[in-house]
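Here's the structure, in structure tokens; my notes come after.
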């Protein structure tokens, strides 16, 4: 106990620490709600050339649509030449040109000459070449062509001979190969020329963009080695702008790689501190040297950039591209979208013709902006903010929490104590000391995050599974145990999530510069732990390992290995090639519908496995549980793994898990229902289904079931729709299924061989319309599925609802055998189905005879009265008590000494027994006794009894002198026991019973309290004055009846074979198909 008192506060404190760290992260993520939409200048320029548009005018239109930023790349001689800004001439070409134009210039044929009208272009080429080659290799001059010279040669000479001044740059060594950083020391074929080397940024273009209100971004894509001088030159062009510039590296390496990355970082850090630049990082792109750069940069305000490659854009529709941009912002926390344009003509994603690709692109950008705004993002300049991080001591404390839970897992595995859990955790706590003492404790973070990803899913699965184990208590009980087990495991997962997300809360994980370590291990180890614990707990016999391997074993083994392989391969983010069929379309639909798509492993594997595991555990299944135990573990692994993607916003991860719950639990329940349905079909196949009001505490209906069980040829083949299947089995030894569970009902009908529509007033709407609809629906479904149906001694009516009468007409016209228990029911059925063949039989309970040995013998001078009330409008305890009190007073005043009213001596005492057949009648019985005692004084001894079986009720009634019955089966049991009875006819079936068997027709309502008292007293006095005559009336009526007829009908119906042959009595009752139609 002391250990528990120590452990729980420590764990609670550490969880609170993790919660506060995650709360801080959530606030940071919600602070960053602005997004920049950028386009690439070179791409837009090429687009405008293709469609004949002015570049800057189209950029202004894109700005109106939502673009905030223009991204520029470094300029090269090749780019300038392609755009017509400069003309490149080899030395020999320029010599011929000089001779042709008469220019007096000393031409060096080993140089390459650049001619341009633009002084900005000349400055750019000169500075870039000087930075790369040095001043000694670069010559700058100018020439004046003076006038137009007629072209005598085709080509470049005619192209450049125009009036005016030309700037001339001579470069020595332009054609020599570049030192390419990824060549591995080998010459590239063809070798990249110096004309492809970056010259730096075109400041004029950047100034123009800034003047037009655009934000600026620069993409350094160089793949050639840059020295110290070149790094300074290329980065110096970032200065001199009013707006902050986003700088990122979209090539295969960072500028200055491999030897001068630190120089690049120092330069950018200086600019960052001045507020001139912000560093960016492109998703899924990790250029060489990026980690070194960010270590030197020390910038905590790095911007995450998302883009799509031009090659991939050709495969996307407008809708799918829009979805990609929105998901990048929403789900992966990107705040800079480098959007790509569509170049192709033709149809959109729905096959409709696009009249204007430029216009459609404008609409596409606007839709992305509107989608972002709908999700609460602002499209503007990014708000630069420095995120927090988990410090050294906090991370070390969190590792202690993970260690304690690992110890708890070991204790659960070995069924040890809390103290043992602490001892198991101690080595892991000690391991944390050296891991978090070093300067860079990232490895410690990753190790304990991985430990949490292994420990918590395994612990959650074991806790959930142990909650599910237990005896079968019905489908609903199994369902609730599954939900409760899932909830316990989910709470454990939440603890693990708090530890992982707080341990890895650091900029390098948010930027994916570093990431969660051991994804595959986190997917495999929890499964292995759970399986080992299961095999150990279940005491699985391993002798089968020595058996010979058959072809089936090999086949199953290959299937299992294949499934495990697919599971492992699909555990990463790069699984697009493994998706089958329309999976991509389904994923996209889920993302569009639910904002954040639930993980497939959860709602299609995990939740169905969990509920099937709960069902199989309750049913006592063995090895069949193993796949579903593994699937349950995958559920918790997937939930944990969602939060291992640290770069994803917490809100999106929470929404993804929530959507998994909302889709997974209904899916799991449906699968559980299907599984239970299949199980029921196998269990009930070939049985005889009994339909009635059973398992609901009504002794009359239980008496009918008792009679059916006794008279059925093989009661082990019976199956009952019961309100309490366990109680039904305990009382009658007959299997039951839940009558309120539609899965059970349908499975029982489909699997049954025949259906017995048990006796009682099932088809009537005087007490409940819903109940009548239920029984008729069950009966009609049985008929429609081809099951022979016996309507067994039913009381029918009244039926006031036209819809119910239609259903009853169909039901009785298609039933195989129809028997009713009274003339009124027969007349109603014949009204519904003219010409129907049916037979009137006595109530099946008439065959129940009380045991004389257990019936209480009469005593001298004592009058025994049993009262069997029920809750009904106009019938209450005080009214019955008033009538009984008047009756007792009149007996005493009339008889006097010597009078006996059929007894051997005068009445000196009255024993009154209030009996209730259902729990709902206990209140009225208690009221009756409470009101009667003060009225009648010492003459009356009262008791309240609740018989649990029909046999017990009949034996109690058989020891009475008379009965006052409101319930139908109370009157019926008194008739079976040959005891005179007074009825209160709340229902026509009670009045019919009284007219048939009793000397008195019973009392008809409605009553007031005083009128009921007078009526009850009068009827009881009239009855007790002729007890002997009343008994003779009951005896003679019963003697005239064939009380064994229901039993014979039941036996004959159940023994009927599939050939359609019937016994002699069946041929009297069963009509031919021609009669039915």
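These residue numbers are counts, starting from 1, taken along the chain as shown.
Cβ coordinates are placed from backbone N, Cα and C, and glycine is handled just like the others.
Whatever TrEMBL says is automated annotation, not expert-curated.
The range from 350-371, 548-569, 570-591, 592-613 that TrEMBL describes as transmembrane segment is residues 548-569. Within the set 447-465, 466-484, 618-636, the record from TrEMBL flags 447-465 under the feature transmembrane segment.
Annotated range for transmembrane segment in TrEMBL, selecting from 485-505, 695-715, 716-736: 485-505. Feature annotation (TrEMBL): of 327-348, 393-414, 745-766, 767-788, the stretch labelled transmembrane segment is 393-414. Of all ranges given (658-681, 802-825, 826-849), TrEMBL attaches the label transmembrane segment to 658-681. Among the recorded stretches 6-23, 393-414, 447-465, the one sharing the largest number of Cβ pairs closer than 8 Å with the transmembrane segment (420-438) is 393-414. If you look at the transmembrane segment (485-505), the same-chain residues 6 or more away from its ends with a CB under 8 A from one of its CBs are 14-15, 17-19, 21-22, 24-25, 388-390, 394-395, 398-399, 401-402, 405, 445-446, 448-449, 452-453, 455-457, 459-461, 463-468, 516, 607, 610, 614, 632, 636, 639-640, 643-644, 646, 650. Beyond the transmembrane segment (447-465), the same-chain residues lying 6 or more positions past its ends with a Cβ under 8 Å from any Cβ of the stretch are 395, 398-399, 402-403, 405-406, 408-409, 412-413, 428, 432, 435, 485-486, 488-490, 492-493, 495-497, 499-500, 503-504, 516-518, 521-522, 525-526, 529-530, 533-534, 610, 613, 617, 629, 632-633, 636-637, 639-641, 644. Across the domain 'Polysaccharide pyruvyl transferase' (698-988), the model assigns an average pLDDT of 86.
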